[in-house]
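Below: the structure, in structure tokens.
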Amino acid sequence: MDLSPSLLLMLWTLLSVLVEEITGQKVYTNTWAAHISGGSAEADRLCKKYGFINHGLIFEDHYHFSHRAVMKRSLTPKRTRQVLLKREPQVHWLEQQVAKKRKKRDIYTDPTDPKFMQQWYLLDTNRHDLHVKEAWEQGFTGKGIVVSILDDGIEKNHPDLQANYDPAASYDVNDQDPDPQPRYTQLNDNRHGTRCAGEVAAVANNGICGVGIAYNANIGGVRMLDGEVTDAVEARSLGLNPNHIHIYSASWGPEDDGKTVDGPAKLAEEAFYRGVTQGRGGLGSIYVWASGNGGREHDSCNCDGYTNSIYTLSISSTTQMGNVPWYSEACSSTLATTYSSGNQNEKQIVTTDLRQKCTDSHTGTSASAPLAAGIIALALEANKNLTWRDMQHLVVQTSNPAGLNANDWITNGVGRKVSHSYGYGLLDAGAMVAMAKTWVTVGPQRKYVIDILSEPKDIGKALEVRRKVEPCAGMSNYISTLEHVQARLSLSYNCRGDLAIYLTSPMGTRSCLLAPRPHDYSADGFNDWSFMTTHSWDEDPAGEWVLEIENVSNNNNYGTLTQFVLVLYGTASEGLSRKFDGDGSRNVASSQSCIVCEEGYFLHQKSCIKSCPQGFTSSIQNIHYTLDNNIEPLLVNVCVPCHVSCATCKGTTINDCLTCPAHSHYNLLDYSCTHQTQRSRESPTLKDSSHDYVARTSNLPFIVAILSCLFIIVVFGSIFLFLQLRSGGVLGRKRLYMLDSGIISYKGIPSGAWQEEGFSESETEETAAHSERTAFLKQQSTL
């Protein structure tokens, strides 16, 4: 059989490659590298002379040649052509090129675990997935991140978990020992925690089961559901080793029966708070929570105080086809979604199982939360400085609503799609990791509390409460962009399940805080229950908030709303410039107690002005506002009035005048203004200089003082002279006269005068005669 030359060449090339692979022998190509002096012209001349092709410079005087007559791959070098060319004096070095084995140093290859190809939610080229492969390709697999599963224990010796098991992230709270191994039963009741653990950190490439999303993360477990669950048990679990554990994943909560309203008690609530404020060295523990499986009972996850907490990252479920599962609960506190089980024809979740087995039938929102915990571990590996709130911001900004089917998608005030069934959409691991790498930590959390009701309100068939809110810039509770919003309500109602409650933000986002629950016949109402929504994330809180409470039944129900406290959480990191009008002012609704001005403006009569008017001067005042029983300090640039005697001033006292009003004189010595008399109000003649005028006006107080003193002395002397003349006729006589009307004394005479001179003889006689007359009159009156 005749073979064409091209076919023979191809076969020879393939044979060369095969020999190379088997023996490791060198394979020579039809290219050379040469060091030739004389420039490109000389290199071209030599190539033409010996049949080479010049492919150009490699770098200075070094050229890349090839030869058509030489096979592209050969096991032996072509020495003849090389020797001939090398004899040329301009050729300093020549070498036939050898094919080298080089492999791409990819950091990612698909896991080889036998069940990996069944993990459709990790990698599905036909439909949407969680984009986990994109995160792996960026080099993140959870290394250095610690996740603990709060559940019924973890099978620490499972072959697909053992290599990643972390005893420091584990404990048995039920039996008070360090071993979280589940209690085995015939029904395998305590498999839940082991299944959740495998979703997060099942080991990769070990030939067992599938792979965890964060397959290099450390995984632990807390056995706390296999016994009496108390407030203390929950608190100890939530607070386990908070500076070692980064992420806590919980797929449990109160009964999903459509009638229960329950949440963390005092100790658990304190554990949450301590976790987010002290965990991870102050960055905050991250709590991932399953939103609940009460969909068939028309339950609301806003009646679950764990998923409804601002401290938890609440995760819902969607099916393989992107539909709302039959078990899913809708509520406004859900932040995002991952995949889980659906109808019978839809696939479920692959993970580790009890008794060192593997399962492909993990279901419910119990399966969704650990997938989210794994993705969060990847993001945390990309940036270990993320706070607990940073992580929620990343989830909001990167979650993808595409492909998720629901009839309640809306676009909120900042242009994001959000749903009560899905939150902001499907978690996207690749996008989260990419954003996490360059994420800048958000500003400190701020809290603004407004007590809305001044008196109880009858609910009746429907009740609407409106309130304009304007958080004030410069105050510690000022918020420019929202995160969580809570409506803390207390109300009585004879059938709680007939109520629907909505909250509409100033930017028009309407959150369903409570959907009707047909199985809830309770007459207990709500007692200071916090309904939370994430749907207004990043919106501006300023403006009118509207609370609606509606009786959806035809029954004549009755009840009273006794408390409505609006609690806003967010940041002031957006900057204040966009908050002010063009004139530097920020006006406040009349119901508010404050107004603030941009830097460079001054507060004056509830408006902002560039400079203070005449009669006022600028000042910084520490004003205290009373807000919801809290006294908040605020430093304000204000215009304060001058003293009444000043026209303009530098302060508020009488000695801070800069200029005086008309008909007043300015005193340069004490910077005061003195009001002129009517006589002195004549204008100075034109020939008088302003200096002479000021001098005269400044001497006036001294002249007035001197004249006043002289006047007082004259009056005093006149009175003294008059009294002296009346008492004795001359100044030298110091006598007292006894008259019928009594003793007349001059109080200015020293008391020593009575002792210096006694009575005269005539005065003694007059006194005796007077006494006799007095005695005679008394005797006559007696008769």
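In case you wondered, yes, glycine gets a Cβ from its N, Cα and C as well.
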Next on the checklist: Between 328-351, 760-783, I'd like to know which one Swiss-Prot lists as region 'Disordered'.
Outcome noted: 760-783
Checklist entry - CYS209 pairs with which of CYS47, CYS358, CYS472, CYS495 in a disulfide, per Swiss-Prot? => result CYS358
Checklist outcome for this item: For the Ca(2+) 3 site that Swiss-Prot gives as ASP299, GLU329, the extra residue out of ASP226, ASP231, ASP256, ASP390 is ASP256
Item to check | Additional site residue, ASP113, ASP124, ASP129 [criterion: listed by Swiss-Prot with ASP160, VAL203, ASN206, GLY210 for Ca(2+) 1] | outcome: ASP113
Checklist entry - Who are the long-range neighbours of the region 'Disordered' (158-189) in its own chain, taking Cβ under 8 Å and residues 6 or more past its ends? => result 146-148, 152, 197-198, 201-203, 206, 208-210, 212, 215-228, 233, 236-237, 240-241, 244-245, 352, 354-356, 358
Checklist entry - So which other residues, same chain and not among ASP113, ASP160, VAL203, ASN206, GLY210, have a Cβ within 8 Å of the centroid of the Cβ atoms at the Ca(2+) 1 site? => result PRO111, LYS115, ALA202, ALA204, ASN205, GLY207, ILE208, CYS209, VAL211, GLY212, TYR215
Item to check | Local Cβ density at ASP113 (Ca(2+) 1 binding site) - other Cβ atoms counted within 10 Å | outcome: 24
Next on the checklist: List every residue in the same chain as VAL203 (Ca(2+) 1 binding site), at least 6 positions away in sequence, whose Cβ is under 8 Å from its Cβ.
Outcome noted: ASP160, LEU161, GLN162, ALA163, ASN164, VAL211, GLY212, TYR215
Checklist entry - Per-residue pLDDT averaged over the domain 'P/Homo B' (442-574) comes to what? => result 94
Item to check | Lowest local Cβ density among ASP160, GLY210, which the record lists as binding-site residues, within 10 Å | outcome: GLY210
